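These notes are about the structure you will find just below.
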Amino acid sequence: MFPFKRWSGSRLAPAARVELRRSQYRAFLQQVPLLYAVLIVNTATVAITHLRVAPVYLSVYAPVLLCLFCVVRVVMWLRSRRRVLSDDALARRLRTMVWMAAGMGTAFTAWALSLYPYGDAYARSHVAFYMAMTVIGCIFCLMHMRVAALLLTCIVIVPFTLFFGSTHNPVLVAIAVNVLLVAVVMVMILLIYYRDFTTLVESQIQLRTKQTETQRLSDENFRLANLDALTGLPNRRRFFADLDGHLAPLQGYARAPGSLAIGIIDLDGFKRINDLYGHAFGDRVLEETGRRFAAQITPQVSVARIGGDEFGLMVVGATAYRQLLDLGDALTAVIERPYVLPEGAARMSASIGFANFPEAGETTLQLVERAYYALHFAQAHRRGGVVIFSPEHETQIRHLSKIEESLRRADFEREISLHFQPIFDTALREIMAFEALARWTSPTLGVVAPSMFIPVAERCDLIHALTEVLLRKALDTARSWPETVRISFNLSARDLTSAGALDRVIRTTLASGVAPHRIDFEITETALIQDFGQARTALDALKKLGARISLDDFGTGFSSLNSVHRLPIDKVKVDGSFVAGIEREATARAIVKSIVDLCQNLGLTCVIEGVETRAQMTALRELGATVMQGHLFGKPVAANLVLDTYVREPLLPWL
Ligand code: C2E
Ligand code: CA
Ligand code: CA
């Protein structure tokens, strides 16, 4: 008659079924006191009306036992009604309740039917009335527990109808028929009610599931929009949003010094790895870097990937200089560990620039700019280092912006000149070449060192124009020198990575009248790191011209055997920093020795820079070095003094 299955809840998902059971149980618990009240009161009244007519065990002991059992159940209910049940415990309890309903139904029915033969017609009718009314009351109370209610109906109504239907008493037979009809109607009502109840609970569950799902999708969407897909770290957008979020309450009146710092991390050598081994390998390296950084994250420190090989750090709380330096050291150490991946192995280092709130700036933009400044400072002065933006940097920034301003207005032809410093072959006892070194006398700032203005010119795109003027002047000067003396000219990394600039270098060289084979172009490793492919093309073009290539400042950064080997290089210039302690420091000696040997193996000329004393020269010669440059052999001099100072009087007094 009823599509029973539809309401059974069995088509629900397991979780929803548990939820449905819980709702049923909750609803039933509220009916428990009523259920037992009906049972106890009705049983007691029947027992009392049979007190004198029925045997004691039926009129006293049995009802007292049954009622006591009901009282015990009520006490148990009082104790456990607030207890939160596990899913399994709930299922067990519901099963117990079904058995309980069946057991109690049987016990009460058996007792009532045993009582029937005693007493007069009224007492007998009372028993029938008691059974009919009590079972109807109980079925109502069990409305939410369908199985228990149906079972109880069967257990009581079937024997009731059979028993009274077979009494041959027309009144009792009529009662049996009436009660059976009422029971059928009640079962129908019960099933309809149960269906509505299930549907209601079900729709609530669905609504809740949908809300949870919507929330989950929206959370997931937010997470993905703020995550870097490669490393799984927060991305640039998230980094800046978090920074704004943390900064907002600190700004203005209630500035809390030392409460926030940001850091920018740049991987030194990553671009080269990418160029040499390919992007897929580069991606693996970045993933591994992300994992290494993620392991360093604490409640105070968060790391995000904000660019190709750039990571952003936000430090909340512990931002004293010492703490930042320690954190920076820990992070750089993590990167310096070798990368051993299935595709190959690589090594990198990292530079970190920190900017502290509010000392270095009060807005996100200021802090980020200053952190970058500190980072560039770290990269320029010591790779794999940590620098915190300080008041000195502030002064420097102001100074640099003054330099930039003057450089933009400078008349290169008039203000910029060249000095020349000899490069000496100590074995042949003669000058091999002169290195051209830029000199700028600004009408507003006076003499500005090239180490100051060259980087500024590179940053504000004046370097190409500057290189062109300098190269023309250098070659003009070199034209008057003996054919055997070479000229060494410094090219900026930027000159190599721009095709237009390289064209101008080649055209200026060809127009100079100096044979290209007399020219050495000095390049630093920065150019190689930035774009290995492009640098290679540029070097090949210069080589094709007939010029030679020197790798400058060797040993200070990343130039490795690998890059020397793979590039068309003729000379290696060992940085002066190794020379200062050459007589005392075994490490410096070992490094220089290994470079000298390497050059010998590869057939390269090795030039040692910054040689200032005879002792240094002797020590270097013992290591096998012959070609040197430095104040010992001569300081840089103006163009017009080169011939007089060095070429016409080649006999140097100290030799
Ligand atoms: P660099 O190419 O390594 O040049 C050598 C620097 O060491 C020069 O400094 C030189 O004067 C200095 N030096 C030479 N011998 C000694 C010595 O015995 N002791 C000490 N302490 N220093 C010595 P300078 O002229 O100040 O140039 C600094 C840097 O500026 C150069 O380093 C180079 O990187 C850059 N630079 C100079 N001229 C040019 C140029 O025309 N173009 C480009 N792109 N860069 C240039
Ligand atoms: Ca140089
Ligand atoms: Ca150098």
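Numbers here mean position along the shown chain, with the first residue as 1.
Note: Cβ is positioned from N, Cα and C throughout, glycine not excepted.
Remember, predicted model here, so these are calculated numbers, not experimental data.
Taken from TrEMBL as is:
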TRANSMEM  27-48  transmembrane segment
TRANSMEM  54-76  transmembrane segment
TRANSMEM  97-116  transmembrane segment
TRANSMEM  147-165  transmembrane segment
TRANSMEM  171-194  transmembrane segment
DOMAIN    258-391  domain 'GGDEF'
DOMAIN    400-650  domain 'EAL'
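For the domain 'GGDEF' (258-391), DSSP puts the residue distribution at 59 helix, 39 strand, 36 coil. Residues 1-2, 4, 7, 124-125, 128-129, 132, 135-136, 139, 143-144, 146, 149-150, 153, 157, 160-161, 163-165 of the same chain lie 6 or more positions beyond the ends of the transmembrane segment (171-194) yet place their CB under 8 Å from a CB of it. Counting residues 6+ beyond its ends, the transmembrane segment (97-116) has Cβ neighbours under 8 Å at 28, 39, 43, 46, 50, 54, 58-59, 62-63, 66, 69, 73, 124, 127-128, 130-131, 134-135, 138, 142, 145, 147-149, 151-152, 155-156, 159-160, 163 in the same chain.
Cβ atoms under 8 Å from those of the transmembrane segment (147-165) belong to residues 97-98, 100-102, 105-106, 108-109, 113, 116, 128, 131-132, 135, 138-139, 172-173, 175-177, 179-180, 183, 186-187, 190 of the same chain, restricted to positions at least 6 beyond its ends. Across the residues of the domain 'EAL' (400-650), the predicted structure has a mean pLDDT of 91.
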